[in-house]
Amino acid sequence: MSLVLLRHGESVWNAENLFTGWVDVPLSEKGLTEAKRGGELLREAGLLPDVVHTSLLRRAISTANIALDGADRHWIPVRRDWRLNERHYGALQGKNKKQTLEQYGEEQFMLWRRSYDTPPPPIELGGEFSQDADPRYADLGPALPRTECLKDVVQRLLPYWESAIVPDLRAGRTVLVAAHGNSLRALVKHLDGVSDEAIAGLNIPTGIPLCYELDADLRPTNPGGTYLDPNAAADAIKAVASQGR
Ligand code: DG2
């Protein structure tokens with residue numbers, strides 16, 4: 001079974017070094033180019049998705065559209081779900097990562113960014129960067145998050161993995177999941193059985209397809225997955241890890 005994970009191309013807020021979470025920002029010019037390159041990599045590798053799953057956020061939706069267009073697979077079925085959204089970054093949404101690091105110090109900054117179970121403070125309802133009045137989440141009711149740690153993301157993502165993505169894989173479809181740094185970290189944690197501690201060290205670069213081959217028990221036969229451009233991925237992973245510095 002073939003599964004391709006694709007973090008969206010660079011967003012305008014990634015470029016400005018702002019915590020984004022559920023704020024629906026577009027791709028930057030560089031992000032548009034990365035998405036196009038992502039599609040070329042898929043085509044060159046002959047990895048042609050039969051179905052795509054995305055979040056409800058335009059940086060993932062646009063990346064999937066551009067990449068699939070480049071791979072001549074713009075016509076495949078698509079499913080979108082809030083469970084693939086980025087981790088809700090709570091009161092940090094809209095804040096600058098460098099300033100946050102300076103204000104709160106390295107330990108607190110990394111706890112919020114990468115610890116498994118420490119969420120940032122919750123966002124204020126009705127605030128500029130909150131989603132409580134956003135119609136796309138109207139059905140969530142009290143389940144609408146006001147902040148999330150990675151553990152929360154794993155918990156809300158896995159029901160979608162089991163009910164929507166696994167059936168596509170079991171039907172023999174090549175599946176593309178176009179999502180986000182932290183929703184994909186949650187999925188990789190599950191696929192590779194990464195410990196709560198070790199997941200802190202895992203970073204996912206923008207716009208480079210990460211491919212998994214899964215056995216009948218949905219275990220990767222290539223643990224850790226395979227980046228279609230490993231050199232570019234190695235450099236970009238370092239850049240994500242050092243954000244804020
Ligand atoms: C970034 C991840 O999410 O940031 O919300 O700021 O993948 O949607 O751009 P994405 C954000 P870090 O957790 O890497 O700081």
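Cβ coordinates come from backbone N, Cα and C, glycine included.
Values in this document were obtained by computation on a predicted structure and should not be read as measured data.
Taken verbatim from TrEMBL:
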- 7-14, 20-21, ARG59, 86-89, LYS97, 113-114, 181-182: substrate binding site (BINDING)
- HIS8: active site, tele-phosphohistidine intermediate (ACT_SITE)
- GLU86: active site, proton donor/acceptor (ACT_SITE)
- HIS180: site 'Transition state stabilizer' (SITE)
Cα of ARG7 (substrate binding site) to Cα of HIS180 (site 'Transition state stabilizer'), in Å and rounded, measures 5
Three states by DSSP: which one describes ARG7 (substrate binding site)? strand
Taking 10 A as the limit, how many CB atoms besides its own sit near the CB of TRP13 (substrate binding site)? 20
Of HIS8, GLU86, HIS180, which is closest to GLY21 (substrate binding site) if I measure between C-alpha atoms? They're all recorded positions. GLU86
If the criterion is a C-beta within less than 6 angstroms of any ligand 1 atom, which of the binding-site residues GLU10, ARG87, GLY181 pass it? List them in sequence order. GLY181
Identify, among the recorded positions ARG7, HIS8, LYS97, the residue whose Cβ has the fewest other Cβ atoms within 10 Å in this structure. LYS97
For GLY181 (substrate binding site), just give me the three-state DSSP call. helix
Could you work out which of the recorded positions (GLU10, GLU86) has its C-beta surrounded by the smallest number of other C-beta atoms within 10 A? GLU10
Tell me, which recorded positions from ARG87, LYS97, HIS180, GLY181 are within 10 Å of the residue listed as 'active site, tele-phosphohistidine intermediate' if we use the C-alpha atoms? HIS180, GLY181
Where's the emptiest Cβ shell within 10 Å among the binding-site residues GLY21, GLY181? GLY181
Check the DSSP secondary structure of LYS97 (substrate binding site), expressed as helix, strand or coil. helix
